[in-house]
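> First the structure, which I've put down as structure tokens, then a few questions once you've had a look.
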């Protein structure tokens, strides 16, 4: 995403170069893979990156931050599952607050850039609908709390939700006798006044971010950006040429907003 900020605020042109990317990396324990991933993240020139399924631990924070060369925020999972990270790369703003679930499934941060406060949330969904529903409900409450506390209505939520928003448009093969919207995502968007930005701008397009390793004909759109109405009007570019990371994580694609 290239986020243009509020054009009415003088001196905010630098926000036009603020970009975000999101990717499920399927583990970063391997030193060679981690170096390659960090190099790739530098090359795409995003200012903020959401990574999911990092398999990070507390003991690796200092070394990984040194390798990355800039700030990192973590929510650790286990050595074989979960874990989310937010990487900053020459970010022009500042971090005001951050919190996480401590289980590697979400991390949220409040940043300020050009006198605007923005809530960013990196999500790695469960493979369990009940747990996903509880997580998204909790995030809705936290967004409301931070919005009241900090006076911010600008929210960007991205990551691997493990939920396809639409049973026909976002799955192959499609499910059910008629298209249905996922109730968990619908409830979250309704409560937080957020939208699926890519779907709003591509109402009938079928593109997928996850492909079954054993059957490439089975695929889903599980990774996406949900943004508040106040943010959507300032998004200047949404990349839909999602790039496959063949050598690093061969069943996911990079999501760029």
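All positions are counted from 1 along the displayed chain.
Cβ coordinates come from backbone N, Cα and C, glycine included.
Here TrEMBL flags 24, 53, 160, 162 as Mg(2+) binding site. The domain 'Endonuclease/exonuclease/phosphatase' annotation in TrEMBL covers 22-237. Annotation comment: TrEMBL describes 162 as site 'Transition state stabilizer'. Summarising the annotation, TrEMBL assigns site 'Important for catalytic activity' to 223.
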> Given the binding-site residues 53, 160, 162, which lie within 10 A of residue 223 (site 'Important for catalytic activity') by CA-CA distance?
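Those near residue 223 (site 'Important for catalytic activity') - Cα within 10 Å - are 160, 162, in sequence order.
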> With an 8 Å cut-off on Cβ-Cβ distance and a minimum sequence separation of at least 6, pull the same-chain contacts of residue 53 (Mg(2+) binding site), or say none.
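Result: 24, 25, 26, 27, 77, 81, 82, 83, 84, 124, 160.
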> Mean pLDDT for the domain 'Endonuclease/exonuclease/phosphatase' (22-237), as a whole number?
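Over the domain 'Endonuclease/exonuclease/phosphatase' (22-237), the predicted model scores a mean pLDDT of 94.
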